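Engineer: Per Swiss-Prot, the feature compositional bias 'Acidic residues' maps to 321-333. The disulfide bond annotation in Swiss-Prot covers Cys32-Cys55, Cys42-Cys88, Cys56-Cys91, Cys95-Cys106, Cys100-Cys116, Cys122-Cys143, Cys192-Cys225, Cys196-Cys218, Cys207-Cys239, Cys250-Cys267, Cys270-Cys302, Cys274-Cys295 (among others). For 30-103, the entry in Swiss-Prot reads domain 'TB', with the evidence type sequence analysis. Look at Swiss-Prot and you will find 94-117 tagged as domain 'Follistatin-like 1'. The domain 'Kazal-like 1' feature in Swiss-Prot is assigned to 112-166; the stated evidence is sequence analysis. The domain 'Follistatin-like 2' annotation in Swiss-Prot covers 167-190. Look at Swiss-Prot and you will find 186-241 tagged as domain 'Kazal-like 2', backed by sequence analysis. If you look up Swiss-Prot, you'll see 244-268 marked as domain 'Follistatin-like 3'. Per Swiss-Prot, domain 'Kazal-like 3' is recorded for 264-318. Marked as N-linked glycosylation site by Swiss-Prot on the basis of sequence analysis: Asn124, Asn288. Among the features that Swiss-Prot reports, region 'Disordered' is placed at 314-344. Here Swiss-Prot flags 1-29 as signal peptide, drawing on experimental evidence.
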Amino acid sequence: MVRARHQPGGLCLLLLLLCQFMEDRSAQAGNCWLRQAKNGRCQVLYKTELSKEECCSTGRLSTSWTEEDVNDNTLFKWMIFNGGAPNCIPCKETCENVDCGPGKKCRMNKKNKPRCVCAPDCSNITWKGPVCGLDGKTYRNECALLKARCKEQPELEVQYQGRCKKTCRDVFCPGSSTCVVDQTNNAYCVTCNRICPEPASSEQYLCGNDGVTYSSACHLRKATCLLGRSIGLAYEGKCIKAKSCEDIQCTGGKKCLWDFKVGRGRCSLCDELCPDSKSDEPVCASDNATYASECAMKEAACSSGVLLEVKHSGSCNSISEDTEEEEEDEDQDYSFPISSILEW
């Protein structure tokens, strides 16, 4: 009799627990995605078995959620073959409570969807003129540079005020930095490393394009910085009194080009393929010949084994309109970009 009286209560408790379990499972059944694509489908799976509230609690603008509780095979087919999961529900429908991070703001686009756009705070910028960026490009003002940094170049900074120049004339570098003209005849502001450790072995010796032996790459960079213009690397090892390129051993797939002007050779990269671009500007080379581009000039130099340098942009029969380029340093080396020599 006692067991009969308690049976209905136990059954009710069991049903209650079962209902609660089903409710909790239905609340958890769903998939969280990192973005909603232009095709309206969810892409980049973040986590499975999450409720919409849990998924959207991240605060990310692009986070989306799907309600379907499907197996791994279906998820795989959605991601690989179908361009994402269907029935995608974005977490954010408006800009309310959207945190886009520093330098960005949430705005509704033409499709009435919230989007984070670059909107740097330019209110404290005092210099309104053009600036030269670390990428060697001129920006119409610092605010334009900040927008470019926000979009695709997080390391972009202002080098100096004014347009990017070909010489250090009228370049005022901030702080303790110094103006240096690199091998491509562009002015950069760098910080000179005045202390270089003594080389551990003779393998660190480098021969500069000035015919001077430097103890290490650090010593070459230091000399370049203090000089204010690119010295450039001729070849690895101590400088030798070479009579021709036959006396110089180049490494790293480089080829020796002879500079008849100073009677020295330098190792240069000669594997560059010139792109078929109509936008390239012709150059007048040191042999007084006009080449379709600087790349074409380098190609001719590598073919002949004789060093060629740019005298000025444009045809040799024309006078360069850029007065700054007329003052370019003659001892340039097109084989080594600033990143390989001027790593401050």
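Using the three backbone atoms N, Cα and C, a Cβ is placed for every residue, glycine included.
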Engineer: Near the domain 'Follistatin-like 1' (94-117), which residues from the same chain, at least 6 beyond its ends, have a CB less than 8 A from one of its CBs?
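Structural biologist: For the domain 'Follistatin-like 1' (94-117), the nonlocal Cβ contacts are 59, 61, 146, 150.
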Engineer: What residues elsewhere in the chain lie close to the domain 'Follistatin-like 3' (244-268), defined as a C-beta under 8 angstroms and at least 6 residues from its ends?
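Structural biologist: Result: 209, 211, 232-237, 286, 298, 301-302, 305-307, 333-335.
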Engineer: Just to verify a number: CA distance, Cys143 (disulfide bond) to Cys196 (disulfide bond), in angstrom, no decimals.
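Structural biologist: Cα to Cα, Cys143 (disulfide bond) and Cys196 (disulfide bond) are separated by 37 Å.
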Engineer: Is any of the recorded positions Cys55, Asn124, Cys196, Asn288 within 10 Å of Cys91 (disulfide bond) (Cα-Cα), and if so, which, in sequence order?
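Structural biologist: The recorded positions close to Cys91 (disulfide bond) (Cα within 10 Å), listed in sequence order, are Cys55.
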Engineer: Checking the contact step here: among the recorded positions Cys55, Asn124, Cys207, Cys270, Cys274, Cys302, which have a Cα within 10 Å of the Cα of Cys95 (disulfide bond)?
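Structural biologist: Matched recorded positions: none.
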Engineer: Counting only residues 6+ away in sequence within the same chain, which have a CB under 8 Å from the CB of Cys274 (disulfide bond)?
Structural biologist: Ser293, Cys295, Ala296, Glu299
Engineer: Tell me the Cβ neighbour count for Asn124 (N-linked glycosylation site), meaning other Cβ atoms within 10 Å of its Cβ, over all protein chains shown.
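Structural biologist: There are 5 of them.
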Engineer: Do me a favour and check the Cα-Cα span between Cys239 (disulfide bond) and Cys267 (disulfide bond); whole Å is fine.
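Structural biologist: On Cα coordinates alone, these residues lie 12 Å apart.
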Engineer: Have a look around Cys55 (disulfide bond) and count the other CB atoms within 10 A of its CB, chains all included.
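Structural biologist: So the Cβ neighbour count for Cys55 (disulfide bond) comes to 21.
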